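Now, the feature entries from Swiss-Prot:
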- 26: N6-acetyllysine (MOD_RES)
- 229-268: repeat 'WD 1' (REPEAT)
- 271-318: repeat 'WD 2' (REPEAT)
- 321-360: repeat 'WD 3' (REPEAT)
- 363-402: repeat 'WD 4' (REPEAT)
- 405-444: repeat 'WD 5' (REPEAT)
- 447-487: repeat 'WD 6' (REPEAT)
- 490-521: repeat 'WD 7' (REPEAT)
């Protein structure tokens, strides 16, 4: 068969104009050394053809390229992108292998443990579950296990922190506890016997007596008003015989006034700053000599001073407090003195032994007020941490935790019936607690501002007195806790209050620098 291969002459046939390819001039390739050419070029440059001016002209013409030295490695950039793509691919692969709970609450808990928002706007359970899966694919499932272990460790540390621990007290503390036990048990028996006798009184007689008392309380009026100092009066307290009233002032002075005519008897000088409280000894003006210690006071600088009735100077100073002492209270026996301090503790002092026998901690913030049970067996404290505590002085244990107030507790008091406790707080309420049931039995919405003090009627506890920063004091029935009378008359905050031992007089002191006596008509 004949070959159809075209001859060489066929390539020389003339093609159409539109198919003619442009002729490309091939560059010349030179072989060998360029030394001679370079010498010629340099020789011409020395003659001025390519000198500095020629170099400058070449740069301006763009024939000579001057670079900054920056180099962009294309291969390195491509490798980084490839690494990112591979990492994302591996992450998605891990995400598909991670098992996530279908319980939405558990998914939220896991997100919270990882420090992520538990929900986003418009996010449903499925999207939330997928978001958790993506987070775990980045941080790893071990992160969730680690957070759970940390939570368990923190719980264990909290449990260890909440364990009871003890201070080793002095031998005098043991002696004092035995003494308090021997003192309180007979008084408790006497109180219970009086309660039995009171219960034997016919119901009609008791009801009529209560009605007469309520009628008398409703007729209370301002009997006397006296300007007590140039600065606000922070505290007032009746003497046991109800013939004197002690007031504490922000000027650092303590004053004694006659009752009921309100004449100034003594001015006690010794404090250099705001006095927080001054209280009479339980046996002062009754069986105690005037030269003995009849009063105790405390101030914001941590000083606690003891006073007699025949001198304007303090008899002794109780040293040991380094920060503010808010309140001071006598034990019913008169042998011990309790102080509350802003160092989150309260202390018990034995004045016969002249030493501190108990430094009790337990509050997480400063302790503001303290009260003793009339038997002498218990102490109640109210703190700025919004909690109250009841302590058994015979064993040192906290027997009741008063939890329920929303703000600081500024006042606490025991009822003469032996089982009711009242607390006043910065949340404007007064709560009544039952020692037998160990719970709050009633919450009184007492005032429109913080409650500064609470006080039970000292004989039978038939009514409750409260004072507050709304410039009023109020009287409440016991046990009904209904309002009986509002004592309005102060132009400033009511900062302190007290009821005389015979129950006939009520005293209130105020930020307006006055104290007032209230008596039934």
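Just so it is clear, glycine is given a Cβ too, placed from its N, Cα and C backbone atoms.
Through the fold, the repeat 'WD 5' (405-444) approaches residues 188, 191-192, 195, 365, 368-375, 378, 380-388, 390, 450-461, 464, 466, 468, 476, 478-479, 481 of its own chain, all at least 6 residues removed from its boundaries and within a Cβ separation under 8 Å. Long-range neighbours of the repeat 'WD 3' (321-360) within the same chain, counting only residues 6 or more positions beyond its ends whose Cβ lies under 8 Å from a Cβ of the stretch, are 167, 169-170, 172-173, 176, 179-180, 183, 187, 276-283, 288, 293, 296-304, 306, 366-376, 379, 381, 383-384, 391, 393, 396. In this model, the repeat 'WD 6' (447-487) carries an average pLDDT of 94. Residues in the repeat 'WD 7' (490-521) partition by DSSP class (helix H, G, I; strand E, B; coil) as 0 helix, 19 strand, 13 coil. Note on the repeat 'WD 5' (405-444): DSSP counts are 0 helix, 23 strand, 17 coil.
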